[in-house]
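> Shown below is the structure under consideration.
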């Protein structure tokens, strides 16, 4: 028997043995021949983290759809602490669940790093110097559904448990990605992980071939393959991809020889993602653009889920690549940014490399890591509120990163900070960069900005090259873009200068300069080129320039009239040669005017600028001229056309910004221009500024149009008395104006700015109106809800209002030389509509309806439609189709897309051609009354076939993108679309191409203009309708259409009902609004200038929208019939000036109209919609919905109704026989989908307007009285009858005599019976009655 001590020892030994056995099971030797399922993977990772606690930490960053943990192993020294000086690296595997090699290889990598730490010098150094994060499986749910041996993959395993492809679910720069957190929690978890960690370098491991793929993964056109999409760090990405590929024995060959595509080859084993195939929503681009982390995608094996026996080979092939790629996190430049004086680290400081338009930022400890290839760089550190610092000629060598530290000084601190020189030793220092070499010797000298080096007159080609050169040299802050062309086809260039060029940053105001509007006034042109050079060269070194560029989006157009410039002459003092454009029109007399009708045709330069101004939320602007020396502010003309002060509502603001310019120009501020020029009129401008009309009247000027038609305040600056000075004088013009040019830009930051948002969901409200009490001029919020309102210092009451929202008032005090931020949160107005959501057999669930509302809002505000168009580029070959080809095309759509199309025969033309209508819907053969129905029609005039071709292209566009583009798919699923491309096929056969004004083919084969043949009342019609008319009338009278759009030609505008003369227009606000939506989404139509030589309304059509009768009044129009008898609003779009332009213009016309056509598909979902039913829930069909006391629509099957209304408050009445009338108020938004409502009827208990109980009681009393009266009459009559009874009895006894009387009666002797001798002599009331009847 064992003693106590021996027993204890034996027990301890047994426990230790169990522990060792248990631990041995957990840490079994890696065999490289089996896959780990989720349970085994979790167990193994936990075991490793437990064993290597000193360098490993296992955390979950979230959970999958099926509640599996998303494990990440962090490997570094001190793994549970953030330590400065260690860049963060990550690997992510198994994003597609059926691509499994990466999952196992990353487990092997974890084991390799942990086991060899402290033994292998390379691994030890890597772990000590790098913060490594490894996620073996991003899609554990997909892995569990995948099958070993499936080389081609398994769609069930590729996606997550909600059927989402995680590598198509990330926000994308070129495409709207619609994936919710609920559907893709894995994606959301990774995005949060990226946001919380400033990763520097990353690898995303996949399978299916063997190649390293680098950004960008997609392009704006989304061409399926073959289009190289280059990132700003393209050379660096190619280098990093080659590092991985060169160390993989299969990948480096560039010939993976995969069974699925044995001929596929990749040069050097790498490829640009988009060039290989377009992937929108990919993770690697998101990392680069949002996370500022460089990531490439590695495809590790041809077989996605190879047999486990192959795992050892895959690990051997990738081990060295995985290590070598990780080591590249230590190349380039790294360092710290601190605050001067306190030495505190500055986080989120931008680190900018000149020439590379991609920045990184500092982490929590002020540390940054900027991967760069060997070379020489100029590097800037810039933080908000601090003076930026730039180090030039930073040398980056092979191997370890160059260390470069910065200390930044607060902007109001006059002391000059020092930067650490490019050196491996952090203690080395260098002086700050000076922009003037003469100051280098002065230790306390303040750096001076670099001045322009080029002072010469730039002709068009020279100017164009100058702009291209600076755009190429400074891509991180510039964008060169065209806005149109001149008469002589010269491009009208604009240079944008901003810290994020090409992007509107919320809250950042947009500013513009325009020069050379008069071609012979050239100083503005040259000053703006000087300004571009000055801003570019001093950004990052000069505090003022850096601040302006970082906080303002600046647009500079050096020449609005390049044609005029080319004919102007140097030395011209006050001449006119070159002043006008090539058509000899003064561009500054060519804009629509508030007081005078401008009859001159709108010029292409004017149209381009008007369109440009409508496209950007400009706040402040200056138009640079020559011929005097003064700043001229609105108004430029006066109602009576005389020279006197014409005050705008913002007169004091204009005086403020004008004075800001003139004060910095000493000569201008004196107010005595041109004293040294002979024969120049003696003028005096107090403080160098003047009201335009007080100086002289200028109708049709650009500055007034800016103020009255946009949110932009513009002044006109006369820069000198000589219009075209000699080149040698240009430096003095720059010196006189450079401070003024900068100071005027500063003025955009005066007044009030902020956001107008929806209180409920926080989204921005576009087109909200900002009103300032006492100032009769409103401005509106931008697409994102941000606004800017210039004001002089003072206290104001501001009101923000928007359709469908309660207005909000805020008192605000505007300080001197600054802007105050005032945000408005508006609450939605809910009318008297019962707070119920209509639920029918086809109604959407609440959550889906909310998503649909969000979807419609996204397409209605911001750049939603533009993004949709970018995502759905078409590659059609445009041409005109005659009837036979048109028919085959339509049939082809039904053959290729049978699930979403059906072709209807509406009837036949005079010459027996079929009139086709194509219906597009997700259930085209099943009635769905809950969905809005929209009608697109064209070809009512056969000589205007553009509309026909646009609708054919539109139909193909919708069908091809169904199932491919989420937005198009959603629109088709929720809408019934009917397209009637050719109403008049006979006329189309007669018409001829390139005939812009010919009437041949306008009518049908009977010579009838079909747009005069639609009459609903027979009394109005002199003959039977034409067969084409009858077919379309039948279609229109099919109830249920919500909107109709008809395309025609011969002008460039939209008309709305009525065509008939002197016809009051009910609901005109809605009809005009619908027309305006189409015009506003057209690039030029909304400008109100047709530009058509055959148009009598040229240049005089506000917003490009007109009541039809004002264009050409006539009876029997299709749109009038649609409104009166189809109860459906219809607009007519005139798509081009030429009736039958040549075919090569069709692609341009399609590009111009596509967005507008899509906007109609969005608009049809707005207004009001709902169900009418009784108390029992029974739908009421045929109930009448009266809108604002006029327009009527009727409920269809299921009791559904849908009506479009302009934004605002509206009254609706619901009427149905036998029910009480319902009245409600509804609020309609310009960007919200119609909310479904229920109108519930009570039985009508009133009779003749009186309560039923009163009417019944009254009727009962009346019946009782009537019964009593009848009884009394009966009694009286009975008494008289008894007295007469004997006489009548005797009469009837004489049978023969009686028969004779009857015969006499039949012969007309109607009184003979009464004259018989036995007749009672006494005359009763009955006798008199009978006699009268006879």
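The backbone N, Cα and C atoms fix where each Cβ goes, and this holds for glycine too.
TrEMBL: automatically predicted annotations, no manual curation.
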> Looking at 351-384, 385-418, 419-452, 453-486, which one is region 'Disordered' according to TrEMBL?
419-452
> May I ask you to indicate which of 1230-1253, 1254-1277, 1278-1301 is given in TrEMBL as transmembrane segment?
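Going through 1230-1253, 1254-1277, 1278-1301 one by one, TrEMBL flags 1254-1277 as transmembrane segment.
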> Can you grab the distance from residue 299 (active site, proton donor/acceptor) over to residue 718 (active site, proton donor/acceptor)? Cα atoms, rounded to a whole Å.
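So the Cα of residue 718 (active site, proton donor/acceptor) lies 63 Å away from that of residue 299 (active site, proton donor/acceptor).
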> Within the chain of residue 718 (active site, proton donor/acceptor), which residues six or more apart in sequence place their C-beta under 8 angstroms from its C-beta?
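Looking at Cβ-Cβ distances below 8 Å from residue 718 (active site, proton donor/acceptor), excluding near sequence neighbours, one finds 625, 626, 627, 628, 629, 630, 631, 632, 673.
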> By a simple count, how many Cβ atoms lie within 10 Å of the Cβ of residue 299 (active site, proton donor/acceptor), its own Cβ left out?
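Around the Cβ of residue 299 (active site, proton donor/acceptor), 26 other Cβ atoms lie within 10 Å.
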> Over the domain 'Peptidase M14' (456-748), what is the model's average pLDDT?
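Average per-residue pLDDT within the domain 'Peptidase M14' (456-748): 93.
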